[in-house]
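Take a look at the structure set out below.
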């Protein structure tokens, strides 16, 4: 298994958990859990593969990916009621999945020798689209649009960190670790400590 | 015309009717009818073809598909006011379309010798995504997320029935008929008699 | 630069402005602006390229497209508060972008010698999907579904005008200009003067 495949597996599993948690909040049946888990789990990577026109989607090349998302769905179906707050669990798992999926996107784009804007976009798109589809389908405000939180920003800075690291080393383990750790750290800091960027104000403050 | 093409045509027409009914509920003009009918009609099959990286989308290979969706839109524009309940008509037609689109997805995947998880996913995705896009665009709760109804489940069991039938016969007419009949029967039973799977409860019942 | 590339650049920039305006209405940070600007800017053209199975997406072949959308995002982030009504600005810019993106879609489809229904669809899809994704992600009623306005209709008539013009000339500058001007004129007339097509009524008027 290559490094990128490992990242894909991990992000599929964790995003699968978040999809299943969203299904639990919508009180779906087990197949609804499977559906939302798979959609969330493979959404970002599928977009990446379609945009880059890869010969085969990562989960068609290796259907074990789908089974991994299904295991996540079943796990949540039988254990989610032990959680104190499923919304909080969803948010933290989503942060973790973001930190795995961004390097998965960056790694594939770097492997295909794409230019740096494309590497950044593949990192952000792979990281964010699974969760975005989950939220759009569930008719909830996407996490990515929550005011005053780092989300797309965390993904973008993480992907940029990978580009920076790639200037100094060719070891993809180091590059992708830097990417993932940066992303998770920023996102976690935002959830836990309220880190954020200044948001747009419709009028500048009066003097 | 191959069997799968026939299924594609039929599902395009029926899903086109449901898209047009959604347009009538949103009180759009005739072009809005055409737009939503086409989106719903070809949405699922387009996803299938993009995911499987087929050379040409089914409706680009045969633009008659689009005309068929347009006929559905025009038909509904001039006759929907005769219906007693457009919501109920939409639901029943959607059930019928599901039962045609699932075998259309399964048939293509089987024809490409895909592994069984991929066959199941193509069945479910082809069956459900057109309607899902219709509901997301119209900002309505997707039918697939309605609590206590078989929808994704009906599609999944239908696709599984096809895999089972494929163990005993190679006649795709039989395989796809089993698939479609199972899907429609479960979905119709759910609408008419309330058949459902147990849904997730946030707390297990007290003893 | 070919004519179609120029249209792609222009529509990317203007749609980028509308995405950034939507971000300002959701009070996002600068990365949120970049995200929504890019999504809106390349959404329609990406769909076109994926549907037509082109070898490379237009913005992967030329990453300058992405930078152009980013410039639009930054511009709006620092100047939008000078606008009296950001909603009105969004609507007018969207009309302009529609009039550039529809010919961009039509031009590509004509260049690939597609049949006329496909040319029409590529025009409408390229013109409308970026804005549709912007509105769906922001959880707003899509402009395309607003009652009693020409939107999909303007795109469809514009694309049809291109087909008509193509009967008389092979000069793509003329064909695509006719297409764009028709689209913008209809859409602008609809915003400014309330031009519209009759909408569906659930019951015909009593006699």
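Each residue's number is its place along the chain shown, starting with 1.
Placed from the backbone N, Cα and C atoms, the Cβ positions cover glycine too.
All annotation found in TrEMBL is predicted automatically rather than curated by experts.
Here the structure is a predicted model, which means the values were calculated and not measured.
Under the heading domain 'Glycine transporter', TrEMBL lists C:7-80 (among others). For the domain 'Glycine transporter' (C:7-80), the model's pLDDT averages out at 92.
The domain 'Glycine transporter' feature in TrEMBL is assigned to C:92-165 (among others).
Residues or ranges marked as transmembrane segment in TrEMBL: C:6-23 (among others). Remote same-chain partners of the transmembrane segment (C:6-23), defined as residues 6 or more beyond its termini with a Cβ less than 8 Å from a stretch Cβ, comprise 32-33, 35-45, 58-59, 64-65, 68-73, 75-77, 80, 86, 89-90, 93-94, 96-97, 100-101, 103-104, 107, 130-131, 134-135, 138, 140, 176, 180.
Residues of the same chain lying 6 or more positions beyond the ends of the transmembrane segment (C:30-51) and with a Cβ under 8 Å from any Cβ of it are 8, 11-13, 15-20, 22-24, 57-59, 65-66, 68-70, 72-74, 76-77, 101, 104-105, 108-109, 122, 125-134, 137-138. Per TrEMBL, transmembrane segment is recorded for C:30-51 (among others).
Residues or ranges marked as transmembrane segment in TrEMBL: C:57-80 (among others).
Summarising the annotation, TrEMBL assigns transmembrane segment to C:92-112 (among others). Beyond the transmembrane segment (C:92-112), the same-chain residues lying 6 or more positions past its ends with a Cβ under 8 Å from any Cβ of the stretch are 3-4, 7-8, 10-11, 14-15, 17-18, 21, 44-45, 48-49, 52, 54, 118-119, 122-128, 130-131, 143, 151, 154-155, 158-159, 162, 166, 172, 175-177, 179-181, 183-184, 187-188, 191.
Residues annotated as transmembrane segment in TrEMBL: C:118-137 (among others). Outside the transmembrane segment (C:118-137) by six or more residues, the chain places 11, 15, 18-19, 22, 36, 39-45, 47-48, 51-52, 94, 97-98, 101-106, 108-110, 143-144, 151-152, 155-156, 158-160, 162-163, 179, 183 with a CB less than 8 A from a CB of the stretch.
Among the features that TrEMBL reports, transmembrane segment is placed at C:149-168 (among others). Long-range contacts of the transmembrane segment (C:149-168) within the same chain: residues 98-99, 102-103, 105-106, 110, 116, 119-120, 122-124, 127-128, 143, 174-176, 178-180, 182-184, 186-187, 189-191, 195-197, each at least 6 residues beyond the stretch ends and with a Cβ under 8 Å from a Cβ of the stretch.
Positions annotated as transmembrane segment by TrEMBL: C:174-197 (among others). Within its own chain, the transmembrane segment (C:174-197) has Cβ neighbours under 8 Å at 3-4, 7, 91-92, 95-96, 98-100, 102-103, 106-107, 110, 123, 127, 148-151, 153-155, 157-159, 161-162, 164-166, counting only residues six or more beyond its boundaries.
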Secondary structure composition of the domain 'Glycine transporter' (C:92-165) [DSSP: H/G/I, E/B, coil]: 59 helix, 0 strand, 15 coil
Helix-strand-coil residue split for the domain 'Glycine transporter' (C:7-80), DSSP-based: 62 helix, 1 strand, 11 coil
